[in-house]
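Single-structure report; data block below.
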Amino acid sequence: MIEFMDGLKRSHYCGELRVEHAGLEVVLTGWVQRRRDHGGLIFIDLRDRTGIVQVVFSPDLHEEAFLKAEAVRNEYVLAVRGTVRERPEGTANPNLATGQVEVLGCELRILNRAKTPPFYIEDGVDVDENLRLRYRYLDLRRPEMQEALIFRHRAAKSVRDFLDEHGFLEIETPMLTRSTPEGARDYLVPSRVNPGRFYALPQSPQLFKQILMVAGMDRYFQIARCFRDEDLRADRQPEFTQIDIEMSFVDVDDVLELTEGMVARLCREVAGLDIPRPFPRLSYREAMDRFGSDKPDTRFGMELKDISDIASGCGFKVFASAVAGGGQVKGINAAGCGSFSRKEIDDLTAFAAVYKAKGLAYFIVNEEGVKSAISKFFTEAELSAILERMDAKPGDLLLFVADKPEVVAASLGALRLHLGERLGLIPEGTYHFLWVVDFPLLEYNQEEGRYEAMHHPFTSPRETDIPLLESDPGRVRAKAYDLVLNGTEVGGGSIRIHRRDVQEKVFTAIGIDREEASEKFGFLLEAFEYGTPPHGGIALGFDRLVMLLAGKNTIRDVIAFPKTQSATDLMTMAPGPVAEEQLRELHIRTVLKIRERERLTAR
(Lines of atoms letter the chains of each structure in order from A and count residues from 1; the text may use other names and numbers.)
(Lines give C-alpha, C1' and ligand atoms only; values in the text may rest on other atoms or scores of the structure.)
Protein backbone atom coordinates (compact mmCIF):
# COMPACT_ATOMS: atom_id res chain seq x y z
CA MET A 1 0.00 0.00 0.00
CA ILE A 2 1.27 3.46 -0.90
CA GLU A 3 1.45 5.64 2.19
CA PHE A 4 1.78 9.34 2.93
CA MET A 5 4.20 11.35 5.03
CA ASP A 6 1.54 12.67 7.42
CA GLY A 7 3.21 13.23 10.78
CA LEU A 8 6.72 12.42 9.50
CA LYS A 9 8.95 15.38 8.71
CA ARG A 10 12.50 14.87 7.49
CA SER A 11 15.00 15.84 10.16
CA HIS A 12 18.28 15.01 8.41
CA TYR A 13 19.68 14.10 5.02
CA CYS A 14 21.00 10.56 4.67
CA GLY A 15 24.59 11.59 3.99
CA GLU A 16 24.78 13.90 7.02
CA LEU A 17 24.79 11.29 9.77
CA ARG A 18 27.99 10.75 11.75
CA VAL A 19 29.11 9.21 15.05
CA GLU A 20 28.19 12.41 16.90
CA HIS A 21 24.54 11.76 15.99
CA ALA A 22 24.50 8.43 17.88
CA GLY A 23 21.45 8.17 20.14
CA LEU A 24 19.50 10.75 18.14
CA GLU A 25 16.07 9.91 16.72
CA VAL A 26 15.91 10.93 13.07
CA VAL A 27 13.47 10.93 10.19
CA LEU A 28 15.02 10.17 6.80
CA THR A 29 13.58 10.10 3.29
CA GLY A 30 15.01 8.76 0.06
CA TRP A 31 15.34 5.93 -2.40
CA VAL A 32 16.33 2.33 -1.80
CA GLN A 33 19.80 1.71 -3.20
CA ARG A 34 19.62 -1.97 -2.21
CA ARG A 35 17.95 -4.28 0.32
CA ARG A 36 19.67 -7.24 1.98
CA ASP A 37 18.37 -10.03 4.28
CA HIS A 38 20.94 -11.21 6.85
CA GLY A 39 20.23 -13.55 9.72
CA GLY A 40 16.73 -12.37 10.47
CA LEU A 41 17.61 -8.71 9.93
CA ILE A 42 16.85 -6.55 6.91
CA PHE A 43 19.39 -3.94 5.84
CA ILE A 44 18.33 -1.12 3.53
CA ASP A 45 20.79 1.33 1.99
CA LEU A 46 18.78 4.55 1.83
CA ARG A 47 19.96 7.18 -0.66
CA ASP A 48 19.31 10.84 -1.23
CA ARG A 49 21.38 13.48 -3.00
CA THR A 50 23.78 13.79 -0.04
CA GLY A 51 24.74 10.13 0.15
CA ILE A 52 23.76 6.72 1.54
CA VAL A 53 23.10 5.49 5.06
CA GLN A 54 22.36 1.96 6.25
CA VAL A 55 19.00 1.36 7.97
CA VAL A 56 18.46 -1.86 9.97
CA PHE A 57 15.06 -3.45 10.67
CA SER A 58 14.63 -6.17 13.31
CA PRO A 59 11.44 -8.24 13.83
CA ASP A 60 12.16 -8.41 17.54
CA LEU A 61 12.16 -4.65 18.00
CA HIS A 62 9.66 -3.34 15.44
CA GLU A 63 7.76 -6.13 13.71
CA GLU A 64 5.46 -3.92 11.61
CA ALA A 65 8.37 -1.96 10.16
CA PHE A 66 10.25 -5.23 9.53
CA LEU A 67 7.32 -6.73 7.59
CA LYS A 68 7.10 -3.62 5.41
CA ALA A 69 10.84 -3.75 4.82
CA GLU A 70 10.46 -7.28 3.44
CA ALA A 71 8.33 -5.86 0.62
CA VAL A 72 10.79 -3.12 -0.30
CA ARG A 73 12.69 -3.24 -3.60
CA ASN A 74 15.35 -1.10 -5.29
CA GLU A 75 14.31 2.51 -6.01
CA TYR A 76 11.24 2.40 -3.78
CA VAL A 77 10.70 5.77 -2.11
CA LEU A 78 10.67 5.56 1.70
CA ALA A 79 10.29 7.61 4.83
CA VAL A 80 12.02 6.07 7.86
CA ARG A 81 12.05 6.96 11.54
CA GLY A 82 14.72 5.45 13.73
CA THR A 83 17.64 5.94 16.09
CA VAL A 84 21.23 6.52 15.02
CA ARG A 85 23.78 4.16 16.55
CA GLU A 86 27.41 3.27 15.99
CA ARG A 87 27.85 0.17 13.89
CA PRO A 88 28.94 -2.96 15.78
CA GLU A 89 32.70 -3.51 15.91
CA GLY A 90 34.09 -4.86 12.64
CA THR A 91 31.09 -3.81 10.53
CA ALA A 92 32.05 -0.22 9.69
CA ASN A 93 32.15 0.63 5.98
CA PRO A 94 35.14 2.86 5.12
CA ASN A 95 33.74 3.45 1.63
CA LEU A 96 30.80 5.45 2.97
CA ALA A 97 30.94 8.85 4.64
CA THR A 98 28.24 7.48 6.98
CA GLY A 99 30.02 4.14 7.34
CA GLN A 100 30.59 4.45 11.10
CA VAL A 101 26.86 4.57 11.87
CA GLU A 102 23.53 2.99 11.01
CA VAL A 103 19.92 3.75 11.80
CA LEU A 104 17.80 1.26 13.76
CA GLY A 105 14.44 1.67 12.05
CA CYS A 106 11.26 1.77 14.12
CA GLU A 107 8.84 3.11 11.51
CA LEU A 108 8.78 2.72 7.74
CA ARG A 109 6.43 4.16 5.18
CA ILE A 110 6.47 3.19 1.52
CA LEU A 111 5.77 6.47 -0.26
CA ASN A 112 6.01 5.02 -3.75
CA ARG A 113 6.98 1.85 -5.57
CA ALA A 114 9.29 1.57 -8.58
CA LYS A 115 9.57 -0.69 -11.59
CA THR A 116 12.90 -2.42 -12.13
CA PRO A 117 15.14 0.28 -13.68
CA PRO A 118 16.69 -0.38 -17.11
CA PHE A 119 20.16 0.09 -15.57
CA TYR A 120 21.69 0.13 -12.10
CA ILE A 121 21.47 3.48 -10.35
CA GLU A 122 25.11 3.71 -9.33
CA ASP A 123 28.42 5.08 -10.58
CA GLY A 124 30.80 3.07 -12.72
CA VAL A 125 28.11 1.18 -14.62
CA ASP A 126 28.68 0.96 -18.39
CA VAL A 127 25.41 2.18 -19.90
CA ASP A 128 24.74 3.33 -23.46
CA GLU A 129 24.39 7.12 -23.42
CA ASN A 130 21.18 7.08 -25.44
CA LEU A 131 19.60 4.84 -22.79
CA ARG A 132 20.79 7.25 -20.10
CA LEU A 133 19.23 10.18 -21.97
CA ARG A 134 15.99 8.25 -22.55
CA TYR A 135 15.70 7.69 -18.78
CA ARG A 136 17.40 10.91 -17.73
CA TYR A 137 15.43 11.08 -14.48
CA LEU A 138 17.05 7.79 -13.46
CA ASP A 139 20.48 8.76 -14.75
CA LEU A 140 20.35 11.93 -12.65
CA ARG A 141 19.88 9.85 -9.50
CA ARG A 142 23.43 8.57 -9.85
CA PRO A 143 25.81 10.28 -7.41
CA GLU A 144 28.28 11.46 -10.06
CA MET A 145 25.51 13.16 -12.02
CA GLN A 146 24.07 14.81 -8.93
CA GLU A 147 27.56 15.96 -7.93
CA ALA A 148 28.03 17.47 -11.39
CA LEU A 149 24.82 19.50 -11.12
CA ILE A 150 25.71 20.60 -7.59
CA PHE A 151 29.13 21.64 -8.93
CA ARG A 152 27.36 23.64 -11.66
CA HIS A 153 25.11 25.33 -9.09
CA ARG A 154 28.09 26.30 -6.95
CA ALA A 155 29.89 27.68 -10.00
CA ALA A 156 26.89 29.85 -10.91
CA LYS A 157 26.64 31.09 -7.31
CA SER A 158 30.35 31.95 -7.23
CA VAL A 159 29.97 34.00 -10.42
CA ARG A 160 26.88 35.80 -9.16
CA ASP A 161 28.48 36.60 -5.81
CA PHE A 162 31.66 37.94 -7.43
CA LEU A 163 29.87 40.14 -9.93
CA ASP A 164 27.42 41.43 -7.33
CA GLU A 165 30.37 42.43 -5.13
CA HIS A 166 31.88 44.30 -8.08
CA GLY A 167 28.82 46.44 -8.75
CA PHE A 168 27.15 44.45 -11.52
CA LEU A 169 23.39 44.24 -11.99
CA GLU A 170 21.80 40.99 -13.13
CA ILE A 171 19.35 42.05 -15.83
CA GLU A 172 17.26 39.72 -18.00
CA THR A 173 17.06 40.35 -21.72
CA PRO A 174 14.32 39.16 -24.12
CA MET A 175 14.11 35.58 -25.33
CA LEU A 176 11.86 36.61 -28.22
CA THR A 177 13.74 39.02 -30.45
CA ARG A 178 14.28 39.53 -34.17
CA SER A 179 16.44 37.58 -36.54
CA THR A 180 19.69 39.26 -37.59
CA PRO A 181 22.33 38.29 -40.16
CA GLU A 182 25.78 36.92 -39.35
CA GLY A 183 26.62 33.92 -37.21
CA ALA A 184 24.71 30.64 -37.11
CA ARG A 185 21.11 30.09 -38.14
CA ASP A 186 18.45 31.37 -35.77
CA TYR A 187 15.71 29.33 -34.15
CA LEU A 188 12.56 31.01 -35.46
CA VAL A 189 9.28 31.38 -33.56
CA PRO A 190 6.18 32.27 -35.61
CA SER A 191 4.00 35.10 -34.35
CA ARG A 192 0.30 34.17 -34.23
CA VAL A 193 -0.85 37.78 -33.87
CA ASN A 194 1.47 39.05 -36.62
CA PRO A 195 0.90 36.60 -39.51
CA GLY A 196 3.96 35.90 -41.62
CA ARG A 197 6.34 37.39 -39.08
CA PHE A 198 8.77 35.58 -36.83
CA TYR A 199 10.68 36.09 -33.65
CA ALA A 200 14.13 34.58 -33.23
CA LEU A 201 15.54 33.01 -30.09
CA PRO A 202 18.75 34.85 -29.16
CA GLN A 203 22.15 33.51 -30.18
CA SER A 204 23.45 35.87 -27.50
CA PRO A 205 22.15 38.98 -25.71
CA GLN A 206 24.78 41.03 -27.61
CA LEU A 207 22.68 43.94 -28.83
CA PHE A 208 20.56 44.20 -25.71
CA LYS A 209 23.55 44.33 -23.39
CA GLN A 210 25.07 47.09 -25.52
CA ILE A 211 21.82 49.02 -25.36
CA LEU A 212 21.84 48.60 -21.57
CA MET A 213 25.16 50.45 -21.63
CA VAL A 214 23.53 53.20 -23.72
CA ALA A 215 20.83 53.28 -21.02
CA GLY A 216 23.43 54.00 -18.34
CA MET A 217 23.25 50.70 -16.46
CA ASP A 218 27.10 50.76 -16.37
CA ARG A 219 27.70 47.14 -15.30
CA TYR A 220 25.47 44.29 -16.47
CA PHE A 221 25.62 40.53 -16.23
CA GLN A 222 23.35 37.61 -16.93
CA ILE A 223 23.70 33.85 -16.87
CA ALA A 224 21.97 33.69 -20.19
CA ARG A 225 20.32 30.98 -22.24
CA CYS A 226 21.35 31.12 -25.90
CA PHE A 227 20.24 29.23 -29.00
CA ARG A 228 21.94 28.34 -32.29
CA ASP A 229 20.39 26.25 -35.04
CA GLU A 230 23.71 24.99 -36.39
CA ASP A 231 24.97 21.67 -37.64
CA LEU A 232 26.09 20.11 -34.39
CA ARG A 233 29.76 19.31 -34.25
CA ALA A 234 31.16 17.15 -31.50
CA ASP A 235 29.90 18.15 -28.08
CA ARG A 236 27.78 21.15 -29.06
CA GLN A 237 24.25 21.89 -27.91
CA PRO A 238 21.51 23.83 -29.73
CA GLU A 239 20.72 25.61 -26.45
CA PHE A 240 23.51 26.57 -24.10
CA THR A 241 24.34 28.86 -21.21
CA GLN A 242 26.84 31.69 -21.10
CA ILE A 243 28.09 34.11 -18.46
CA ASP A 244 27.33 37.39 -20.19
CA ILE A 245 29.10 40.55 -19.00
CA GLU A 246 29.18 44.16 -20.23
CA MET A 247 30.80 47.29 -18.72
CA SER A 248 30.91 50.97 -19.58
CA PHE A 249 33.99 53.23 -19.63
CA VAL A 250 36.51 50.37 -19.80
CA ASP A 251 39.44 49.29 -21.93
CA VAL A 252 40.74 45.81 -22.77
CA ASP A 253 42.85 45.52 -19.62
CA ASP A 254 39.84 46.33 -17.41
CA VAL A 255 37.76 43.50 -18.89
CA LEU A 256 40.61 40.99 -18.76
CA GLU A 257 41.54 41.85 -15.17
CA LEU A 258 37.95 41.51 -13.94
CA THR A 259 37.43 38.23 -15.82
CA GLU A 260 40.63 36.77 -14.39
CA GLY A 261 39.49 37.65 -10.87
CA MET A 262 36.10 36.03 -11.42
CA VAL A 263 37.53 32.87 -12.98
CA ALA A 264 40.28 32.51 -10.37
CA ARG A 265 37.73 32.81 -7.57
CA LEU A 266 35.41 30.31 -9.22
CA CYS A 267 38.29 27.84 -9.57
CA ARG A 268 39.31 28.31 -5.94
CA GLU A 269 35.83 28.16 -4.38
CA VAL A 270 34.32 25.42 -6.51
CA ALA A 271 37.21 23.27 -7.76
CA GLY A 272 39.85 23.94 -5.10
CA LEU A 273 42.31 25.16 -7.73
CA ASP A 274 44.83 27.94 -7.18
CA ILE A 275 45.15 29.59 -10.59
CA PRO A 276 48.11 31.96 -10.98
CA ARG A 277 47.42 35.48 -12.25
CA PRO A 278 47.74 37.37 -14.46
CA PHE A 279 46.93 34.91 -17.22
CA PRO A 280 49.51 34.76 -20.03
CA ARG A 281 48.66 36.63 -23.23
CA LEU A 282 49.45 35.53 -26.77
CA SER A 283 48.74 37.53 -29.88
CA TYR A 284 46.60 35.80 -32.48
CA ARG A 285 49.57 35.72 -34.84
CA GLU A 286 51.90 34.21 -32.22
CA ALA A 287 49.33 31.55 -31.29
CA MET A 288 48.92 30.54 -34.93
CA ASP A 289 52.66 30.60 -35.59
CA ARG A 290 53.67 28.57 -32.54
CA PHE A 291 50.71 26.23 -32.08
CA GLY A 292 48.74 26.27 -35.34
CA SER A 293 45.63 27.26 -33.40
CA ASP A 294 43.96 30.37 -32.00
CA LYS A 295 43.05 28.29 -28.94
CA PRO A 296 46.38 26.66 -28.10
CA ASP A 297 46.88 23.97 -25.48
CA THR A 298 50.03 25.13 -23.70
CA ARG A 299 50.23 22.23 -21.26
CA PHE A 300 52.89 20.64 -23.46
CA GLY A 301 55.50 21.70 -26.00
CA MET A 302 55.94 20.31 -29.53
CA GLU A 303 55.55 23.80 -30.99
CA LEU A 304 55.53 24.44 -34.72
CA LYS A 305 58.86 25.55 -36.17
CA ASP A 306 59.12 27.55 -39.39
CA ILE A 307 61.87 26.36 -41.75
CA SER A 308 60.64 28.31 -44.78
CA ASP A 309 63.83 30.37 -44.99
CA ILE A 310 65.96 27.20 -45.05
CA ALA A 311 63.65 25.34 -47.44
CA SER A 312 63.27 28.18 -49.94
CA GLY A 313 66.51 27.34 -51.72
CA CYS A 314 66.56 23.58 -51.23
CA GLY A 315 66.41 20.98 -53.99
CA PHE A 316 63.13 19.49 -52.77
CA LYS A 317 60.61 21.09 -55.12
CA VAL A 318 57.59 20.55 -52.84
CA PHE A 319 59.20 22.72 -50.17
CA ALA A 320 60.78 25.29 -52.48
CA SER A 321 57.61 25.72 -54.58
CA ALA A 322 55.43 26.18 -51.51
CA VAL A 323 57.63 29.01 -50.25
CA ALA A 324 57.93 30.58 -53.71
CA GLY A 325 54.12 30.60 -53.97
CA GLY A 326 53.69 32.52 -50.72
CA GLY A 327 53.25 29.44 -48.55
CA GLN A 328 55.20 28.04 -45.62
CA VAL A 329 57.14 24.99 -44.58
CA LYS A 330 56.73 24.17 -40.91
CA GLY A 331 57.38 21.15 -38.77
CA ILE A 332 56.95 19.60 -35.36
CA ASN A 333 59.38 17.42 -33.44
CA ALA A 334 57.78 14.21 -32.17
CA ALA A 335 60.59 13.60 -29.70
CA GLY A 336 61.53 9.95 -29.24
CA CYS A 337 59.25 8.76 -32.05
CA GLY A 338 62.00 7.86 -34.50
CA SER A 339 61.08 4.21 -34.00
CA PHE A 340 57.62 4.71 -35.56
CA SER A 341 56.90 2.19 -38.32
CA ARG A 342 56.11 3.20 -41.88
CA LYS A 343 52.47 2.32 -41.26
CA GLU A 344 52.35 4.57 -38.20
CA ILE A 345 53.80 7.43 -40.22
CA ASP A 346 51.33 6.72 -43.05
CA ASP A 347 48.52 6.94 -40.48
CA LEU A 348 49.82 10.36 -39.41
CA THR A 349 49.90 11.40 -43.07
CA ALA A 350 46.27 10.36 -43.46
CA PHE A 351 45.39 12.29 -40.30
CA ALA A 352 47.01 15.46 -41.67
CA ALA A 353 45.17 14.98 -44.97
CA VAL A 354 41.86 15.44 -43.15
CA TYR A 355 42.99 19.03 -42.61
CA LYS A 356 43.80 19.45 -46.35
CA ALA A 357 47.54 18.80 -46.10
CA LYS A 358 48.69 17.36 -49.43
CA GLY A 359 51.42 15.35 -47.77
CA LEU A 360 53.54 14.87 -44.67
CA ALA A 361 57.30 14.84 -45.13
CA TYR A 362 59.40 13.32 -42.38
CA PHE A 363 62.95 12.98 -41.12
CA ILE A 364 64.00 10.23 -38.72
CA VAL A 365 66.96 11.55 -36.73
CA ASN A 366 69.70 9.08 -35.83
CA GLU A 367 73.31 9.18 -34.70
CA GLU A 368 74.51 9.46 -38.31
CA GLY A 369 72.18 12.33 -39.12
CA VAL A 370 68.88 11.96 -40.97
CA LYS A 371 67.06 9.00 -42.49
CA SER A 372 64.51 10.13 -45.05
CA ALA A 373 63.53 9.55 -48.65
CA ILE A 374 63.89 13.29 -49.28
CA SER A 375 67.16 13.95 -47.44
CA LYS A 376 69.09 13.66 -50.72
CA PHE A 377 67.51 16.93 -51.89
CA PHE A 378 69.15 18.91 -49.08
CA THR A 379 72.75 19.96 -48.58
CA GLU A 380 74.56 19.06 -45.38
CA ALA A 381 74.36 22.68 -44.33
CA GLU A 382 70.58 22.76 -44.91
CA LEU A 383 70.05 19.52 -42.98
CA SER A 384 72.17 20.78 -40.13
CA ALA A 385 70.21 24.05 -40.02
CA ILE A 386 66.88 22.19 -40.01
CA LEU A 387 67.97 19.89 -37.16
CA GLU A 388 69.14 22.89 -35.16
CA ARG A 389 65.90 24.82 -35.82
CA MET A 390 63.84 21.78 -34.81
CA ASP A 391 65.96 21.16 -31.69
CA ALA A 392 66.31 17.57 -32.93
CA LYS A 393 68.16 14.76 -31.20
CA PRO A 394 68.81 11.14 -32.21
CA GLY A 395 65.60 9.13 -31.91
CA ASP A 396 63.32 12.03 -32.86
CA LEU A 397 60.76 12.09 -35.68
CA LEU A 398 60.42 15.39 -37.55
CA LEU A 399 57.16 15.95 -39.44
CA PHE A 400 56.73 18.72 -42.04
CA VAL A 401 53.89 20.27 -44.03
CA ALA A 402 54.44 22.63 -46.97
CA ASP A 403 51.34 24.54 -48.07
CA LYS A 404 49.34 27.73 -47.65
CA PRO A 405 49.72 29.19 -44.13
CA GLU A 406 46.16 28.29 -43.13
CA VAL A 407 46.61 24.65 -44.21
CA VAL A 408 49.98 24.37 -42.48
CA ALA A 409 48.50 25.76 -39.26
CA ALA A 410 45.37 23.60 -39.32
CA SER A 411 47.11 20.32 -40.17
CA LEU A 412 50.16 20.65 -37.92
CA GLY A 413 48.10 22.16 -35.10
CA ALA A 414 45.75 19.18 -35.16
CA LEU A 415 48.64 16.72 -35.55
CA ARG A 416 50.37 18.29 -32.54
CA LEU A 417 47.30 17.68 -30.36
CA HIS A 418 46.86 14.17 -31.75
CA LEU A 419 50.44 13.23 -30.91
CA GLY A 420 50.29 14.98 -27.56
CA GLU A 421 47.36 12.78 -26.53
CA ARG A 422 48.79 9.62 -28.08
CA LEU A 423 52.20 10.04 -26.44
CA GLY A 424 50.79 11.00 -23.04
CA LEU A 425 52.40 14.45 -23.12
CA ILE A 426 49.35 16.28 -21.78
CA PRO A 427 49.41 16.24 -17.97
CA GLU A 428 46.15 15.41 -16.21
CA GLY A 429 44.83 17.73 -13.53
CA THR A 430 46.62 20.84 -14.79
CA TYR A 431 44.81 23.99 -15.89
CA HIS A 432 46.46 26.47 -18.23
CA PHE A 433 44.42 29.63 -18.81
CA LEU A 434 45.60 32.16 -21.36
CA TRP A 435 44.33 35.08 -23.40
CA VAL A 436 44.58 35.29 -27.17
CA VAL A 437 44.53 38.96 -28.20
CA ASP A 438 45.16 41.21 -31.22
CA PHE A 439 42.83 39.39 -33.60
CA PRO A 440 42.17 40.67 -37.11
CA LEU A 441 38.81 42.43 -37.19
CA LEU A 442 37.77 40.73 -40.44
CA GLU A 443 38.56 37.56 -42.36
CA TYR A 444 38.00 36.97 -46.06
CA ASN A 445 35.45 34.37 -47.15
CA GLN A 446 36.79 32.96 -50.42
CA GLU A 447 33.53 31.18 -51.30
CA GLU A 448 31.35 34.28 -50.89
CA GLY A 449 34.00 36.74 -52.06
CA ARG A 450 33.62 39.11 -49.14
CA TYR A 451 34.93 39.95 -45.71
CA GLU A 452 33.26 38.61 -42.56
CA ALA A 453 33.61 39.63 -38.94
CA MET A 454 36.05 37.29 -37.20
CA HIS A 455 34.09 37.64 -33.95
CA HIS A 456 30.97 39.72 -34.63
CA PRO A 457 30.29 43.01 -36.45
CA PHE A 458 30.02 45.04 -33.23
CA THR A 459 33.67 44.58 -32.26
CA SER A 460 35.64 47.81 -32.19
CA PRO A 461 38.63 48.23 -34.48
CA ARG A 462 41.73 49.87 -33.12
CA GLU A 463 41.35 53.63 -33.50
CA THR A 464 44.47 53.91 -35.66
CA ASP A 465 43.10 51.27 -38.04
CA ILE A 466 39.67 52.83 -38.67
CA PRO A 467 40.82 54.52 -41.93
CA LEU A 468 41.80 51.07 -43.26
CA LEU A 469 38.16 49.91 -43.18
CA GLU A 470 37.64 51.54 -46.57
CA SER A 471 41.09 51.06 -48.11
CA ASP A 472 42.42 47.74 -46.75
CA PRO A 473 39.89 45.95 -44.48
CA GLY A 474 42.03 42.83 -44.08
CA ARG A 475 44.68 44.77 -42.15
CA VAL A 476 42.31 46.17 -39.53
CA ARG A 477 43.04 44.92 -36.02
CA ALA A 478 40.31 44.30 -33.46
CA LYS A 479 40.05 45.10 -29.78
CA ALA A 480 39.05 41.49 -29.23
CA TYR A 481 40.17 38.74 -26.88
CA ASP A 482 39.47 35.05 -26.31
CA LEU A 483 39.93 33.13 -23.06
CA VAL A 484 41.41 29.66 -23.60
CA LEU A 485 41.65 26.80 -21.10
CA ASN A 486 43.68 23.71 -21.99
CA GLY A 487 43.15 24.17 -25.71
CA THR A 488 39.44 24.95 -25.47
CA GLU A 489 37.98 28.39 -26.04
CA VAL A 490 35.85 29.11 -22.99
CA GLY A 491 35.11 32.77 -23.60
CA GLY A 492 35.39 35.65 -25.98
CA GLY A 493 34.74 39.35 -25.97
CA SER A 494 35.78 42.75 -27.17
CA ILE A 495 35.57 46.46 -26.74
CA ARG A 496 32.49 47.43 -28.74
CA ILE A 497 31.86 50.05 -31.36
CA HIS A 498 30.04 53.00 -29.76
CA ARG A 499 29.92 55.44 -32.69
CA ARG A 500 27.36 55.24 -35.48
CA ASP A 501 29.81 56.28 -38.20
CA VAL A 502 32.30 53.54 -37.27
CA GLN A 503 29.54 50.92 -37.03
CA GLU A 504 28.29 51.86 -40.49
CA LYS A 505 31.82 51.56 -41.91
CA VAL A 506 32.16 48.05 -40.46
CA PHE A 507 28.77 47.07 -41.88
CA THR A 508 29.86 48.33 -45.31
CA ALA A 509 33.16 46.40 -45.08
CA ILE A 510 31.29 43.12 -44.52
CA GLY A 511 28.75 43.72 -47.28
CA ILE A 512 25.81 45.05 -45.28
CA ASP A 513 24.53 48.11 -47.13
CA ARG A 514 22.80 51.08 -45.50
CA GLU A 515 19.31 49.79 -46.29
CA GLU A 516 19.94 46.37 -44.75
CA ALA A 517 21.76 47.92 -41.79
CA SER A 518 18.82 50.21 -41.15
CA GLU A 519 16.32 47.36 -41.43
CA LYS A 520 18.23 44.93 -39.20
CA PHE A 521 20.06 47.22 -36.80
CA GLY A 522 18.32 50.57 -37.08
CA PHE A 523 17.42 50.59 -33.39
CA LEU A 524 21.09 50.15 -32.44
CA LEU A 525 22.35 52.79 -34.87
CA GLU A 526 19.76 55.25 -33.61
CA ALA A 527 20.70 54.49 -30.00
CA PHE A 528 24.32 55.37 -30.83
CA GLU A 529 23.15 58.93 -31.58
CA TYR A 530 22.02 59.53 -28.01
CA GLY A 531 25.27 59.57 -26.08
CA THR A 532 26.69 56.03 -26.06
CA PRO A 533 29.59 55.45 -23.65
CA PRO A 534 32.67 53.45 -24.61
CA HIS A 535 31.95 49.92 -23.46
CA GLY A 536 33.09 46.33 -23.70
CA GLY A 537 32.47 42.90 -22.31
CA ILE A 538 32.86 39.19 -22.57
CA ALA A 539 30.79 36.01 -22.73
CA LEU A 540 32.04 32.79 -21.15
CA GLY A 541 30.68 29.39 -22.17
CA PHE A 542 29.34 28.25 -18.81
CA ASP A 543 28.63 24.64 -19.81
CA ARG A 544 32.12 24.08 -21.19
CA LEU A 545 33.87 25.87 -18.33
CA VAL A 546 32.01 23.74 -15.78
CA MET A 547 32.77 20.59 -17.78
CA LEU A 548 36.51 21.28 -17.82
CA LEU A 549 36.73 22.23 -14.14
CA ALA A 550 34.60 19.24 -13.09
CA GLY A 551 36.85 16.89 -15.08
CA LYS A 552 34.05 15.64 -17.34
CA ASN A 553 34.48 14.50 -20.93
CA THR A 554 31.32 16.00 -22.39
CA ILE A 555 29.11 18.99 -21.66
CA ARG A 556 26.13 16.61 -21.63
CA ASP A 557 27.33 15.44 -18.21
CA VAL A 558 26.97 18.92 -16.70
CA ILE A 559 23.60 19.77 -18.27
CA ALA A 560 20.47 18.39 -16.64
CA PHE A 561 18.54 17.73 -19.84
CA PRO A 562 20.85 17.87 -22.87
CA LYS A 563 20.04 17.20 -26.50
CA THR A 564 21.73 14.54 -28.61
CA GLN A 565 24.10 15.36 -31.45
CA SER A 566 21.06 15.36 -33.75
CA ALA A 567 19.41 18.02 -31.53
CA THR A 568 16.75 15.70 -30.12
CA ASP A 569 15.59 15.10 -26.57
CA LEU A 570 15.28 11.34 -26.13
CA MET A 571 13.24 11.67 -22.94
CA THR A 572 10.47 13.96 -24.22
CA MET A 573 11.03 13.01 -27.90
CA ALA A 574 11.31 16.69 -28.86
CA PRO A 575 11.09 18.01 -31.48
CA GLY A 576 7.76 16.46 -32.36
CA PRO A 577 4.84 16.99 -34.71
CA VAL A 578 2.09 19.48 -33.90
CA ALA A 579 -1.59 19.46 -34.75
CA GLU A 580 -2.80 20.95 -38.04
CA GLU A 581 -4.99 23.34 -36.05
CA GLN A 582 -1.93 24.77 -34.30
CA LEU A 583 -0.23 25.30 -37.64
CA ARG A 584 -3.32 27.04 -39.07
CA GLU A 585 -3.39 29.41 -36.11
CA LEU A 586 0.22 30.29 -36.91
CA HIS A 587 -0.52 30.66 -40.64
CA ILE A 588 2.00 27.91 -41.42
CA ARG A 589 1.92 25.02 -43.87
CA THR A 590 4.62 22.37 -43.73
CA VAL A 591 6.31 21.76 -47.07
CA LEU A 592 6.99 18.13 -46.21
CA LYS A 593 3.26 17.39 -45.90
CA ILE A 594 2.48 19.25 -49.12
CA ARG A 595 5.16 17.31 -50.99
CA GLU A 596 3.83 14.02 -49.61
CA ARG A 597 0.31 14.92 -50.73
CA GLU A 598 1.58 15.84 -54.21
CA ARG A 599 3.48 12.56 -54.41
CA LEU A 600 0.36 10.54 -53.56
CA THR A 601 -1.77 12.52 -56.04
CA ALA A 602 0.74 11.89 -58.84
CA ARG A 603 0.41 8.11 -58.50
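Glycine is treated like the rest: Cβ placed from N, Cα and C.
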Identity of the ATP-site residue among GLN222, GLN237 (reference: ARG228, ASP229, GLU230, GLU489, GLY541, PHE542, ASP543, ARG544, source: Swiss-Prot): GLN237
HIS38 (site 'Important for tRNA non-discrimination') and ARG496 (L-aspartate binding site), distance between Cα atoms, whole Å: 70
Sequence-distant neighbours of ARG544 (ATP binding site) in its chain (C-beta under 8 A, six or more apart): THR488, VAL490, ILE555
PHE542 (ATP binding site), number of other Cβ atoms within 10 Å: 25
Largest tally of Cβ atoms lying within 10 Å of a Cβ, found at which of the binding-site residues GLU230, GLU489: GLU489
Tally of DSSP helical, extended and coil residues in the region 'Aspartate' (206-209): 4 helix, 0 strand, 0 coil
Cβ atoms near ARG228 (L-aspartate binding site) (within 10 Å, other residues, all chains): 19
Farthest-apart CA atoms of ARG228, ASP229, GLU230, GLN237, GLU489, GLY541, PHE542, ASP543, ARG544, residues recorded for ATP, distance in Å: 20
Residue, out of the recorded positions HIS38, HIS455, ARG496, whose Cβ gathers the largest set of other Cβ atoms within 10 Å: ARG496
